[in-house]
Amino acid sequence: MTEPVPVVAASAARDGAGTEDAGSRRRRGPAPVREWESAAVVVAVILTVAVGSRLVVAAGVSVGTLLALALAPVWLSAAAKYRWAGTFLALGALCAITGPVLTTLAEPGHVVDPLLQRENYVRLAELVLGAGALLWARLHLGVRWLAVAYGTGMLVDVVQRGELSFKFGAGLAVTVIVLGWLTPGLRPGRGVWRRIPRTAQAIACVVLGVLFAADDGRSAFAMLLLTAAVVLWQVRMDERSLRRSAWVTVGAVVAAGLAAYGGARALILDGAFGTAMAQRTAAQLELSGNLLAAGRPEMGATAALIAHRPIGFGPGVPVNSEDLGVAKHGMSQLGYDPDNNYVYDYMFGRGIELHSLFGDFWAVHGPAGVLFWLFLLLLVVISLVRRTVRGMADAMLVYAAILTLWNLFFSPVYSSVPMLILAVVLLLPRWADAVDGDDDSEAEREPGTPQGAGTA
């Protein structure tokens with residue numbers, strides 16, 4: 001993925017390209033422009049770190065969400081520079097608007113929890129406002145520095161949570177920082193394009209995957225292997241051949257995914273990452289036949305609840321005894337015994353936690369949430385395929401897309417929001433990039449820089 005030229009770096013490149021007379025400098029007035037651009041970059045860095053850190057001020061509202069709300073007049077105009085950003089914001093607003101209607105419809109047979117209701121709206125605001133604000137930050141920082149700043153904020157979140165494991169703690173933040181750093185971009189203040197070999201990105205993915213696997217991070221290991229495969233796929237194909245066959249690229253990505261899944265499973269079962277992990281994996285495979293469905297009783301609960309109440313529940317609405325019985329029956333259909341603390345305390349203790357963005361969006365936001373989910377799914381798939389077809393999918397973008405695809409089906413909202421924000425910001429293409437049908441290229445590049453600037 002070739003990132004847009006950050007405003008400050010582009011200005012530095014122009015200033016250093018040659019000399020000009022004093023009269024011309026006076027007419028253009030560079031000093032005030034540079035001061036504004038420098039201030040904008042500082043604000044963009046602070047905003048990006050704040051959104052990534054999730055530092056809570058009060059009532060579950062984070063510093064990043066408050067900053068994004070305060071800067072809304074600034075970033076709303078910047079969001080208009082991105083294709084489909086308007087659709088993203090409109091669907092987020094639709095979820096907020098239809099929420100009270102769903103809650104009202106559910107009130108006769110359910111007890112509404114005001115605290116849960118507030119949490120649901122705060123989570124939606126964090127996603128929509130955070131992504132919108134970082135679209136503006138991307139214009140000033142570029143993809144590389146945006147990812148590094150965001151990953152730094154995620155590390156702050158890890159520290160405040162006190163999570164020590166690599167799998168659930170620093171692993172994701174470190175991955176974002178490393179892959180962001182390895183994204184091609186301008187060297188700050190020098191206007192020099194920084195090229196990163198694809199092979200270096202792939203090696204970094206493998207190393208990070210091994211670190212995850214050493215801490216029982218099987219899914220993260222497989223996703224990073226798949227990321228490395230997609231990145232390396234672009235090395236062997238020239239731009240012309242990639243453009244001719246999007247379907248070949250799609251097939252290659254699917255094949256790489258199957259290979260990564262099979263390879264990760266084989267390594268784990270062979271005991272490459274410890275006997276305990278091998279035994280757990282073998283037990284899950286014996287139970288369900290594959291690792292994707294293993295230990296996912298929430299899918300049965302989701303299907304049963306959708307059939308029972310298609311319009312969803314609404315913000316702040318927990319299940320009643322009838323709903324709980326329906327969900328338990330759906331899980332039992334999968335051969336799972338639902339009479340345990342996980343079901344009673346985690347899934348349905350306060351609200352409704354179906355352990356997937358699809359299930360959670362449907363339960364809280366109803367049909368609007370399903371539309372929002374479908375938009376996110378299409379955004380990830382279309383953007384990933386188009387960037388890969390054009391040889392512009394660097395490791396950071398590929399990993400964010402693959403992890404978001406996983407989260408859309410298999411992860412709860414709270415833990416998915418940080419990477420979902422980053423994925424939306426990285427994957428939304430700019431209107432300025434739609435030149436000669438190349439709607440995913442970045443409009444501004446260093447003169448002479450090829451489209452696949454990150455290739456080896």
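Each Cβ is built from the backbone N, Cα and C atoms, and glycine gets one as well.
Sequence annotations record features per position, and here TrEMBL assigns region 'Disordered' to 11-30.
Feature annotation from TrEMBL assigns transmembrane segment to 55-76 (among others).
Sequence annotations record features per position, and here TrEMBL assigns transmembrane segment to 82-106 (among others).
Per TrEMBL, the feature transmembrane segment maps to 127-146 (among others). Long-range contacts of the transmembrane segment (127-146) within the same chain, counting only residues at least 6 positions beyond its ends with a Cβ under 8 Å from a Cβ of the stretch, are 1, 3-9, 37, 40-41, 44-45, 47-48, 51, 64-65, 67-69, 71-72, 74-76, 78-79, 81-82, 85, 88-89, 92-93, 180-181, 183-186, 188, 194, 394, 396-397, 417, 420-422, 424-426, 428.
The transmembrane segment feature in TrEMBL is assigned to 166-184 (among others). Long-range contacts of the transmembrane segment (166-184) within the same chain: residues 1-3, 143-148, 150-152, 154-155, 157-158, 193-196, 200-201, 204-205, 208, 211-212, 214-217, 220, 224, 394-397, 399, 418-419, 422, 453-454, each at least 6 residues beyond the stretch ends and with a Cβ under 8 Å from a Cβ of the stretch.
For 220-235 (among others), the entry in TrEMBL reads transmembrane segment.
Residues or ranges marked as transmembrane segment by TrEMBL: 247-268 (among others).
Positions annotated as transmembrane segment by TrEMBL: 362-385 (among others).
Within the chain, the transmembrane segment (397-428) has long-range Cβ neighbours (under 8 A, six or more residues past its boundaries) at 1, 51-52, 54, 82-85, 88, 123, 126-127, 130-131, 134-135, 137-138, 143, 146-147, 150, 154, 157, 172, 175-176, 179, 183, 205, 219, 223-224, 226-227, 230-231, 292, 296, 353-358, 360-361, 364, 373, 376-377, 379-381, 383-384, 387-388. Feature annotation from TrEMBL assigns transmembrane segment to 397-428 (among others).
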Intrachain residues whose Cβ lies under 8 Å of the transmembrane segment (362-385), provided they are six or more past its termini: 84, 87-88, 91-92, 94-95, 97-99, 102, 120, 124, 246, 249-250, 253, 302, 305-306, 311-315, 351-352, 354, 393, 397-398, 401-402, 404-405, 408, 413, 420, 423-424, 427-429, 440
For the transmembrane segment (82-106), distant same-chain residues with Cβ under 8 A (at least six beyond the ends): 112, 117, 120-121, 124-125, 127-128, 131-132, 135, 311-317, 361, 364-369, 371-372, 375, 379, 424, 428-431, 434, 439
